[in-house]
Amino acid sequence: MNPILTSVPPYVLLAFAALAVLALPRRSGHAVAALATAFTFAQAVLLGDGGTGAHLATGFLGFDVVFFNVDQFSLLMGVVVGFLATAAVLYAYGTEAPKWVTSLALIYVSSTVGTIYAGDWLTLIFFWELMAVTSTLLVWQYGGAAVRAGYRYALFHGIGGTFLLGAVVVHGASMLGSVPAAEIFLFSSTTGIHASATLLAAIGIGVNCGFIFLHTWLPDTYPRPHVAASVFLSVFTTKTAVYVMYRAFPDGGLWLAYLGGFMAVYGAFFALLQYDPRRLLSYHIQAQVGYMLAGLGLATAVGDFAVTGGFAHLFNNVLYKSLLFMTVGVVVYRTGVEDIRDMGGLWRVMPVTFLLYLVGAASITAVPGFNGFISKGMVIDSAHEIHNYVLLLDSGLLWWLLILGGVGTFMSFIKLGYYMFFHGSATLSPKDATPFQTAGMVLAGGACVFFGVFYYQLIELMPFTEFILSEDVYFKPYSTSHLTESAWLMGAGFVGFFALKRPLGWLAHHMRDVDAVTYPAAFYLARGSVWGVTELWAAVDRAVMTAIAAVEWTAMNPREALGRAGVDVEIRTGIGRSVLFLTLAAGIALFVFILA
Amino acid sequence: MTDVPITDLRPLLAVLVSFVAAFFIVASHRSPNVREGWTVAAAVAKFAIVASMLPAVLDGAVFEWSLGAFLPGGIEFVLRADALGMLFAFLASGLWIVTSFYSIGYMRGNDETNQTRYFAAFAVSLSATMGIAFAGNLVTIFVFYELLSIATYPLVAHDETDEARAAGRKYLAYTMFGGGVLVLAGTALVYLIAGNVSFTAGGIEELANADPGLAMLAFFLLAIGFGVKAGIMPLHQWLPEAMVAPTPVSGLLHAVAVVKSGAFGVSRVVLDVFGPELVFELSLPFGFSAGLVLSTIGAVTLTAASIIAMRKDHLKQRLAYSTVSQLSYIILGLGLFGWYGLVGALLHIPAHAFMKLTLFFCAGNLHVSTHTDYISEMAGIGKRMPLTMGAFTVASLGMAGIPLLAGFVSKYYMLIGGIRMGAQFTPVAYYLVGALLLSGVLNIAYFWPVIYTAFFESEDAHDAKPLVDFRMGGESRSTLPATDGGRPEDEDEGGDADDEADIDEVVESAEGDSAVDTDSDPTDDGDLPGDSDIPDAEMDDLPTDEEGVVRPDFDTSDRDFSEPAERVDTGDYAVDSRPSDADVPFGVGRGDDSSDGDRADHSDDATHGAHDDDSHDDDSHDDHDTEHDDHADLADHDDHGHAGGPPAGGWEHIAGLDALRGRESTWFTLGPILTAMSLAVLLGVIPYEMGFLELIELIVDTRLPEEVMRP
């Protein structure tokens, strides 16, 4: 194993590349960026062959840390993040993204990669917080409406990061006593996060995953910045959160699986109500993360097969979700329009984009032949083994939730494709994607097709490869039952879309997401507390000042003071009398004091 | 590890070197460069003396120099350089070098008067600070504590305006007569019950055997006495008012010397007078103990000050409340009984110092270069001052506890300490941890808007600040003068955009013949209020005719012609709503900086002294009633002299190599800013190699009982 590969953490290179993008002219800067991300990808692929281990283990802030932890999970993340980041850099170059966009995106990717390769909780929370900051900067860069949205995003992620920081600290404090003090944060000291930190960790990571009620930042923020920035944002935060969820809960839990199931339905449902294409895709991020969490949650109930399914879905999702953001981005970039009702008939004038959109849509809806089909199949198969709440067809609630989500996904992507590319004749005649945009999209789309057809290659990159490929596991994605299931889903999707078009249109204008309640509540609560505290303090200050002024006045005008009180006496105090009075008072005080 | 203190002159030298330099500074008042040279020389010499003692102290040595007993009972006037004293001294003397260069740049850049007095007072106050750091017993520290208040008074009242003098008086009242008296009382009580006032690592033993009620009283007298300087609520009010001082003084006060001496005093009380164990065991009803009460005061201050900071529009005021909040981290940490909590608390002393110094220096640089003090005028200022605002961004990230910066390390340790204390001793500690975590989010809430408005908002379309005072989703504002008579601005994005019109539009529309009138049909805005609906208190007092046009009463029959005519403010004169740089009599925009001294208008300024205070006292503001209650218009900021904000064409853009070369300002100010910022980053990445963490571990290791020692 080449020592360079195990001693150069890729995030350092990416950080330097971020600076290089700013310093160099646009073309060479982007070339350096693409090389850095490609290095990340290549390094992860090469390290898969015997490079695992806790590299760069050192001390930091008084604790033992591992800065470059290579195992099967971090490697699969490294492969897909590096690959996708390269495609996204090419896409950014082709979309005329300003240098600052690419630079901030790279530093964001760098913090993501740092989180992925962290071998202990301290390093992980370290890079997790940096991810929140760098992604905020990337959103803010665009200016305009994105700034306020970025501020809300920062607050949301600040709260989430605080919860996770609390979880890490509780974990560490709970480990004191059972392991040496310096090792309390290492992953190797224990599996998963300490039980006392479960709730904190679930909420903290759940914000980034898009748990229901914690997800509203997704559709609020992702549609706002530059289209190239959206591509970067769409994949890294949420998928890294799923990865960290696995680190925290390697044994999963049915709560996680069911939560994933509900997320799949919730996300798909709200996506159906959107007319902004990037907002629609953002809701689908939540839905797709639901599938991943369903897989990871079944780690104990079903076993490693479910975990592999979850991670395979993560891997594939990075590829096709970014592809979808890229294709939608091309349409937005070329037409300047952000409402799908104003688009239409573009399939003739933008054939390349349309074709790649079809690849992305087919992957996300799990059409056979594309990578989503493989991983979604694995997750749904795992769900089929859960019979806690059996509904129809001898299948449990979890299975039905995931199927319903699948139908919803079909419906939304039929809607998106129909409105963007069909739906009347083209009133706009934009040009097709630029060469570098096409390059980025082809990379991602090609991978989608590749892993759909050559799915053994996908399993090779996954954890538990030998187990999946062994005879103990029934793994035949292209079996008849799977293909029939897929056909039913597709049929239901088409029927559902055209049948429910009218009611969904009505709902779209009347149904708001929870942020219609939570944002005003949070704002007015914050404003109420701020105003309350400041006005209260002002009142106290006024009262004290008045009291002091009154005392001062009384002391300076004792005669008038007494006069006002209704007593009319002569007050004459000379020095002697004052001294006597003070001495008496001091004497009494000392007397009391000594006696007490 | 030596148990016996080594007699050495260096603690005394460290105190005296800048005291002596003060005389030389005054002597060379005719040659400013020589005078500044004395300051720098004294700072370097002081730091060298302190640093020379550091390696030995890290090995456990203690240096002592004693004047001998000067009070009955054998109380000596003694300077002792032990680990805790070295922590504060090393920090203060090092930062004095940085502050000196910044002072030079600031005072000259702002053309300040009385610079000799300033530099001399600075030198004397650093001398007093060293005295506090090296004080070997309660009496010595009290003496230097009061000396510090006296020495810093000329700095606080430097501007010599009424506002500055009032702030100085308040400062003395709080710290000398409030804090000092309490410290003296506490010292006397400790002597009475223990017979010994020397700082002893782990606490004076006799106190542990003394009457707990008296010990508790002594503890609170001392803690609150020192806490006044540390800005605990409700005794913090002097801090925001001291913002009237020049910025290097604010930096000194708030980051380097004064408030840190307060926190340092509390740490001496907790660690060396009572000892952490006794502080934890002195119990009060409801399961509280002295230490827990201290921490709770810290937690309450922390939260309340952050909440107040969110509403401040003046940047230095916001930073002042941030200081109050962050200092309470230290107070909170000192009450946590355990190794991690104490390490975190002591580490926050240098961590906060570096970060807050950076922030204040940036605010000062903004003032010197662009005369902009208010956040609502800072939209787009990142173009004009990229390095300054970049450093501000980095330091703000540190305040919020983002990793890579010093704030993360100290907070991390305190959190672990709090959880540990909660698990081992009392669940109240969990609430303290919660307060610390909440504070991180609140820091984001009040620092991030400054960052985003500087870099990512534009001068002609930015959110109105402070954010809590305006609509949810934001209201659009422009700090550029509209040169075309005004037109309706597009409705801002906002989540729930109502059909209310902006006040800006209304005021603009009243300026002249604009398209927006009460009878013309507005395009997409609902109902634009007419002139008579302007919420202007003065308007309602003026006579209007049938059409709602203000017709001032020019009846001269009973007018006193020795006075100028009454100013009629209809609220829609261009000169009122678009202040210019010209010195227009009775106008909103005044001529030059308030350092110009004697103008009749200054009485107005003085009454607005506490303008940014929370107290909206209507008595003192006759003419300008509810102005600052209303939306932050440029017209409201009439007390900061030169109008801040961008020039007519927007901020000048300084980018690329020009920015890196420091074209935005001078290197006298930029150098210290970047130095302080780098120190904050270094402390966040290599706290051991910088010496601080090692020193702090030594301090805490020698003062804790077995059961809570480092695990």
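Each residue, glycine too, has its Cβ placed from N, Cα and C.
Please treat TrEMBL annotations as automatic predictions, because they have not gone through curation.
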Could you tell me which of the ranges A:16-36, A:226-246 is annotated in TrEMBL as transmembrane segment? A:226-246
Write down the single range among A:397-418, A:529-550 that appears in TrEMBL as transmembrane segment. A:397-418
Do at least three CB pairs under 8 A connect the transmembrane segment (A:349-370) and the transmembrane segment (A:397-418), leaving out pairs fewer than 6 apart in sequence? yes
Would you call the transmembrane segment (A:73-93) and the transmembrane segment (A:125-142) in contact, using three or more Cβ pairs under 8 Å, pairs 6 or more apart in sequence? no
Where else in the chain does the transmembrane segment (A:439-459) make close Cβ contacts, counting only residues six or more beyond its ends and a cut-off under 8 Å? 83-84, 86-92, 94, 308, 312, 315-316, 319-320, 322-323, 326-327, 330, 352-353, 356, 359-360, 363, 368-375, 433, 465, 468-469, 475, 477
Please figure out which one of A:193-214, A:226-246, A:252-273, A:349-370 racks up the most CB pairs under 8 Å against the transmembrane segment (A:100-119). A:226-246
Is it true that the transmembrane segment (A:193-214) and the transmembrane segment (A:252-273) have 3 or more Cβ pairs under 8 Å, skipping pairs fewer than 6 apart in sequence? yes
For the transmembrane segment (A:226-246), the distant same-chain contacts (Cβ-Cβ under 8 Å, at least six residues beyond its ends) come to 73-74, 77, 81, 84-85, 88, 91-92, 95, 97-98, 101-102, 104-105, 108-109, 112, 115-116, 124, 128, 131, 135, 138-139, 141-142, 205-206, 208-210, 218, 256, 278, 281-282, 285, 289, 292-293, 296, 307, 310-311, 314, 317-318, 321-322, 325-326, 328-330, 332-333
Which range out of A:125-142, A:293-312, A:349-370 gives the transmembrane segment (A:252-273) the most CB pairs under 8 Å? A:293-312
Which residues of the same chain, at least 6 past either end of the transmembrane segment (A:293-312), have a Cβ under 8 Å from a Cβ in it? 73, 76, 209, 242, 245-246, 249-261, 263-264, 374-375, 377-379, 381-383, 385-386, 398, 402, 458-459, 462-464, 467-468, 473, 475
